[in-house]
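A short worksheet on the structure shown next.
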Amino acid sequence: MAETRVGIIMGSQSDWPTMQGAAESLDTLGVGYETRIVSAHRTPDRLWDYGMTAAERGLQVIIAGAGGAAHLPGMMASKTRLPVIGVPVQTKALSGVDSLYSIVQMPRGYPVATMAIGAAGAVNAGLMAAGILALGDAALAERLERWRAALSASIPETPEA
Ligand code: RP5
C-alpha cells in the first residue's frame, strides 16, 4: 500500500461526495492519502492538532474542502507550512461563491491554492497534489504524464452528429 502523503480534510460529512473526487484522482495515480472531518468552527481543537502534527506525521500536501463561510483551508494554512489546496464546496444558498471567496482571498503570508467550485475543483485538487509530489518522485511523474496523455487522447477531434 502506498505511504500516506496527502491529507484530505473536509468540514463536514456532507462535503465527502464532493471531496471523493480528490481521493479518486489520488487513487488513480497511486498516491497514498488519509481522509478526516476537521471543522474550523465545530472542531477547532481538532483543526489545531491536525495542523500542528501534519508535517511531522509525514504528510506532504493537504487538500481542504469546505462550504459556506469556509475557513478550514485558510486556518489550516496558518497552522502548517505544508502546501494547502483549497476546494470550495458548492452550497445551496450561494452556489459556492461564498465558499470560493472565503477560501481564495487569503491575506499575504498564508497562501491557499484555490481550485474551482465543486466536483471539478476536488478532482483537480488531487491532480495538483500529485503534481507537487511528482516534483520529487520520478515514478509518480511518469504515471501523471501517462494519465494526462490518455486524457488528451480521449478527446475526439470532431463532435458526433
Ligand atoms: C461547512 O458547512 C462544511 O464544510 C459544509 O460544507 C457546510 C455545511 O455543513 P453541514 O451542515 O452539512 O454539516 O462547515
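Heads up, the Cβ atoms here are built off N, Cα and C, so glycines get one too.
Since the structure is predicted, the reported quantities are computational estimates derived from the model, not experimental observations.
Between the candidates R42, R46, R57, TrEMBL assigns the substrate site shared with S12, D15 to R42.
For D15 (substrate binding site), applying a Cβ distance below 8 Å and a minimum sequence separation of six or more within one chain yields G65, A66, G67, V89.
Least crowded of the binding-site residues (S12, R42), judged by neighbouring Cβ atoms within 10 Å of its own Cβ: R42. Under the three-state DSSP scheme, D15 (substrate binding site) falls in the helix class.
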